[in-house]
Amino acid sequence: MTAIIDIHGREILDSRGNPTVEVDVLLEDGSFGRAAVPSGASTGAHEAVELRDGDKGRYLGKGVTKAVAAVNGDIAEALVGLDAEDQREIDMAMIDLDGTPNKSRLGANAILGVSLAAAKAAADARGLPLYRYVGGVSARTLPVPMMNIINGGEHADNPIDVQEFMIMPVGAGSIAEAVRWGSEIFHTLKKGLSQKGLATAVGDEGGFAPNLASTRDALDFIAASVDQAGFKLGTDVVLALDCAATEFFRNGKYEISGEGLSLSPEQMAEYLAALVKDYPIKSIEDGMSEDDFAGWKALTDLIGGTCQLVGDDLFVTNPARLEQGIKDGLANSLLVKVNQIGTLSETLDAVDMAHRARYSAVMSHRSGETEDATIADLAVATNCGQIKTGSLARSDRLAKYNQLIRIEEELGDMARYPGAAIFG
C-alpha cells in the first residue's frame, strides 16, 4: 500500500528568484508528499553538488532542468515500486544510482527533493505529521531560534564582513513567545535604523543590511534594540554570530577589510574571544575557514568551553567530516543543512553522530528558500533544540516559524521549549 507509483519533478523559483527543484511523490494508497529544495549563497567547498544547467541563455545559467530530468528519468525508474516507508533503501538506491562521492551526476538537489518528498508521502500514509513520523513519540522539543536580524558578508552589500548577527530568545517560555519577542526586537531595530538614516531594506534572509562601520557597531545596535524593546540582554535574549569566515580567508589570513584588519588564525581566535568577553555571544558559527583545522583547534581550545562553536562549512552535514572533526577536537556543534549532504538518511546520521559525541546540533535553512517548511518538522523530529531560519520578515522564513507554532500547539502540554538549557 505504501509502494511508490509516481515521482514527478518540476522547476520552480526560490526566494531569490532563482530556479530550484520541487518533487511530488505519489503512493499506491493515494498518499502524497511534496518537497522543494533550498539553495545557499555562501557554500562550502565540500558540500554535495547542486546540479545547474549552465545555459547562460536561460535563467543566466541557473536553470535546473537537468536535475528535474534526473528526477523524472533515472530516479523515478529506479524507485517506482519501492516502499516509501523504507527511507534508507530509497536514499541508498539514489546514492548508488548517482555513483559519485558528491552526488554530482544526478545532483544533490534532485536526490534531496525525492528523499524528502518520499518521507512526507510515507508520513501521509501513516496519518502522522512529519515530525512525529521521523522522530517518533519522543519528538517534542521545540527549537530555540537564531534570528538573523542584521546581515553582512555574502548576504549584504555593506562593509561588515561577519555574515549574520542573530538574537536568541532563550528567556521565552514557548516558541510562540520567542517568535513574538523576535518580532518586537526586529521592529524596534528597524525604527532605530530609520531614525539614524540607515537602510531598512531586508536581505536574503529577512535581516537588515545597514551601512554600519564594524562588527561591534552592529552588536551595539542590536543590544540597544533589545533594551528598547523591553528585554534584558544576556538573560532574556543572547546573541549569536555566523562569521562565514571561509569567505574572507585569503592566503592564510582573515581579511576583515571593513575594519582594515588582516589577522592570522591565532589573532582571529583572539578577535572572537574579545567579542565573547564583551557581549553575551553564546554561539559562533564558522569562526574559522572550512579547511583551517589549526585555526579551528585554536578557537575551540580558547573559547569552546564557554561558547557554542558551530561547524557549517567545516562539516557540511557530512558524517565523515564530522567524525574527523570530533576526533580532532574541532568545534562543539553541528549546523544541519539537508541540501549539504543530499538525503534525509545521511542528515539524520549526522545529527545522531553529533549527539553521541555530545556536540549540539542546529537545524538550518539556506539563503535561497521556498515556502517549504520541512526543516521546522526536522528540528522537532531530531530534538536538536535550535533552529536557524532567518529573520522576522519574508514569507519564506516565516513559513518555518509558523509551522513551529502549529507544532507546539499540536503537542500541547507535551511541548518543551528548552530556552537557555540548550547551552548546558
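Cβ from N, Cα, C; glycine included.
Keep in mind the model is a prediction, meaning the values are calculated, not measured.
Within the same chain, residues at least six positions away from Lys388 ((2R)-2-phosphoglycerate binding site) with a Cβ under 8 Å of its Cβ are Pro145, Met146, Asn148, Met166, Asp242, Leu335, Val362, Met363, Ser364, His365. The (2R)-2-phosphoglycerate binding site annotation in Swiss-Prot covers Gln163, Lys337, Arg366, Ser367, Lys388 and rests on sequence analysis.
Glu205 (active site, proton donor) is surrounded by 30 other CB atoms, counting those within 10 A of its CB over all protein chains shown. Look at Swiss-Prot and you will find Glu205 tagged as active site, proton donor, backed by sequence analysis.
Packing around Asp242 (Mg(2+) binding site) is summarised by its Cβ count: 28 other Cβ atoms lie within 10 angstroms of its Cβ, all protein chains included. Feature annotation from Swiss-Prot assigns Mg(2+) binding site to Asp242, Glu285, Asp312; the stated evidence is sequence analysis.
What Swiss-Prot lists as active site, proton acceptor is Lys337. Cβ neighbours of Lys337 ((2R)-2-phosphoglycerate binding site) (same chain, under 8 Å, six or more residues apart in sequence): Pro38, Gly40, Asp312, Val316, Thr317, Ser364, His365, Arg366.
DSSP assigns Arg366 ((2R)-2-phosphoglycerate binding site) to coil in the three-state reduction, placing it in neither a helix nor a strand. For the recorded site, Glu285 (Mg(2+) binding site), the DSSP three-state label reads strand. Put simply, of the binding-site residues Gln163, Glu285, Ser367, the one whose Cα is nearest the Cα of Glu205 (active site, proton donor) is Ser367. Long-range neighbours of Glu285 (Mg(2+) binding site) (same chain, six or more residues apart, CB within less than 8 Å of its CB): Glu164, Ala240, Leu241, Asp242, Cys243, Ala244, Leu309, Val310, Gly311, Asp312, Leu335, Val362. Among the listed binding-site residues, namely Gln163, Ser367, the Cβ with the most fellow Cβ atoms inside 10 Å is that of Gln163.
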